[in-house]
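Here is what TrEMBL records for this protein:
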BINDING   88, 130, 134  Fe cation binding site
ACT_SITE  131  active site
Ligand SMILES: [Zn+2]
């Protein structure tokens with residue numbers, strides 16, 4: 001049975017490190033299952049550093065299906081950017097505007113060590129870029145622009161939009 005992992009918060013050095021590529025896929029099977037289990041109902045993405053592991057793994061909930069992405073690489077990206085609000089499970093209580101590519105083409109491995117390439121658009125592309133950044137030790141807060149778009153969850157709900165899933 002999968003375990004619920006503790007999600008670390010900003011300030012923890014593990015969120016600032018560059019993560020290592022996965023070599024032994026069998027050794028991360030349990031971690032991946034635990035990460036899927038640990039993605040909260042208000043979350044759409046969770047990267048391994050957020051559960052204290054500097055490994056190139058993230059899970060994302062896409063069309064209500066939780067999927068695992070191992071050793072992901074952004075292979076291509078749109079020239080166009082789109083503005084949108086983001087929150088992060090490791091920075092609880094805040095949201096801010098971040099510019100992201102409209103679409104990205106991601107190369108990645110599944111837990112079964114199958115290599116895939118897939119294009120993600122709009123909000124799904126945003127999730128991919130947010131999680132990918134975690135593997136490089138970057139949190140969305142570093143990319144919030146304009147900086148005064150930063151909002152507490154309370155103000156966000158009150159003045160901007162009813163809800164926003166967390167990554
Ligand atoms: Zn995050």
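Including glycine, each Cβ sits where the backbone N, Cα and C put it.
Overlay of TrEMBL feature records on the structure.
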{"residue": "88", "record": "Fe cation binding site", "contacts (Cβ under 8 Å, 6+ apart)": "10, 94, 130, 139, 140, 141, 166, 167"}
{"residue": "131", "record": "active site", "contacts (Cβ under 8 Å, 6+ apart)": "45, 46, 47, 58, 60, 69, 72, 167"}
{"residue": "134", "record": "Fe cation binding site", "contacts (Cβ under 8 Å, 6+ apart)": "15, 19, 47, 48, 49, 50, 58"}
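Apart from the site residues 88, 130, 134, the chain places the Cβ of 45, 47, 50, 86, 89, 90, 131, 133, 139, 140, 167 no farther than 8 Å from the centroid of the site's Cβ atoms, the recorded Fe cation location. In the three-state DSSP classification, residue 130 (Fe cation binding site) falls within a helix. The Cβ neighbour count for residue 130 (Fe cation binding site), using a 10 Å radius over every protein chain in view, is 25.
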